[in-house]
């Protein structure tokens, strides 16, 4: 039996799609030096090569892929989007606007200078910024504005060609820029990070190892009574001195949870809750021959919960104002927009921030009720909310405006992005509404993106050889300019106009470019994770602005003429 693989793939679009995805994902794992190609560029290269051989898939798959991707981008941005937009994140908002607008202006200017069409220009912008949201926004707007089928097909082919040619240029140049720009600017990022650390009471070099607190019980002897000197627990401040807190006291056979007025007496048996290293550092007056093993004292359930910040008495307040240790709880991590932040007592909490808190179950529940809610640890997605807001996004995308003789539609990209932001925002405020496990959200987003890239590459592959011959070197040079010049502009704006700390500034610049590999290099250069504060500040808003940039560049292009 002879099987013609080409005929098999041509006759089965689903099989072709998954073959492209599998080969592209394998290619994406390859490295050029320290730079990994990545899934997006791997799938795009494979689909372009197969597209040259006249393989194709139904455009409905491409459209569904981009819709799923952009909707999930909105859901991820939603919890922190409005807090960044309206509050003290104005510096980060301005940096993101400067980055995206300067890149768009440069792309428009270079496109007109070299006589390219809007497809090549928008593709070059998307690739240089290593931003799939730009590609998605531009592709959707092209389908709205170009009514002639031949012109639309050519523009879409050029869009994917421009992206494919400049993506690696944008990624590699930004990674090298992250490594060498601080040195060229004579910026001492470790010193800048230490300055922020001193101002905010952080240890910039620490890599926190997270443990569950442990419970140990001790009998109060003369040494401990002498150490306490008749002070009550509030006055002693045991947590500040030991890193542990007293959860229970047994006195004269009676077990109780002490309040701040309790005074230690000889013969008391106390249970202490704290991290293992805190127990190891206890003063000998606690430990020497005094440890006891009592089921009632030790029988407590220690939990580690993810608490979502929601309530007004926590939002826009400093972390230190929560006084978690006064409530017998320990803070392990602070997560914002899926980015782990340095544990900074002066950090201002945003709605939707996730605090990883451990302690005795009852105390953790009390803290959660006070500041927000415990995140649902469920693998079940609220598909009804997902579908309802997806439909809402499509309906919003149908809205059109008319200015004189010019019609402008919001489009599916902007509509779905807005609906996704609203779903993410509502999820951060209502614990039982619209729940989507992070793993499921990431999977749908990545799958949608890969399907979109496969469709784009297959449709554009037939014209890639001609396009390379006409624009190859010019496109690479233009991509390098659009990749690096906005980074320099952002640095000058942040340093001289906003007067930002350099460690935070470089982190914010990488967030505005939504480039995690470059962020890792900045953190390594600073020998600290403090730049993550800046990265988180610009990341969510930049994803939204980049999608809008893809839409705007297509709308502005015919207005410029030429």
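Positions of Cβ are set from backbone N, Cα and C atoms, glycine also.
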Swiss-Prot annotation of transmembrane segment - which of the ranges 8-28, 134-154 it falls on: 8-28
Range annotated as transmembrane segment - as stated in Swiss-Prot, picked from 356-376, 503-523: 503-523
The annotated transmembrane segment range in Swiss-Prot, which must be one of 66-86, 192-212: 66-86
Of the residue ranges 32-52, 221-241, the one that Swiss-Prot records as transmembrane segment: 32-52
Same-chain residues at least 6 beyond the ends of the transmembrane segment (440-460) whose Cβ lies under 8 Å from its Cβ atoms: 16-17, 20-21, 24-25, 39-40, 43-48, 50-51, 55-57, 59, 61-62, 64-69, 72-73, 75-76, 132, 135-136, 139, 153, 156-161, 163-164, 379, 381
Cβ-Cβ under 8 Å with the transmembrane segment (503-523): same-chain residues at least 6 beyond its ends: 35-36, 91-92, 95-96, 98-100, 129-131, 171, 174-175, 177-179, 181-182, 187, 189, 192-193, 195-196, 487, 490-491, 494-495, 529-539, 542-543, 546
Ranked first among 158-178, 406-426, 540-560 for CB pairs under 8 angstroms with the transmembrane segment (473-493): 158-178
Cβ contacts under 8 Å made by the transmembrane segment (540-560) with residues that lie 6+ beyond its boundaries: 70, 73-74, 76-77, 80-81, 84-85, 89, 92-93, 96-97, 99-101, 103-104, 107-108, 111-112, 118, 121-122, 125-126, 129, 131, 133-142, 145, 337, 408, 411, 413-414, 417, 421, 511-514
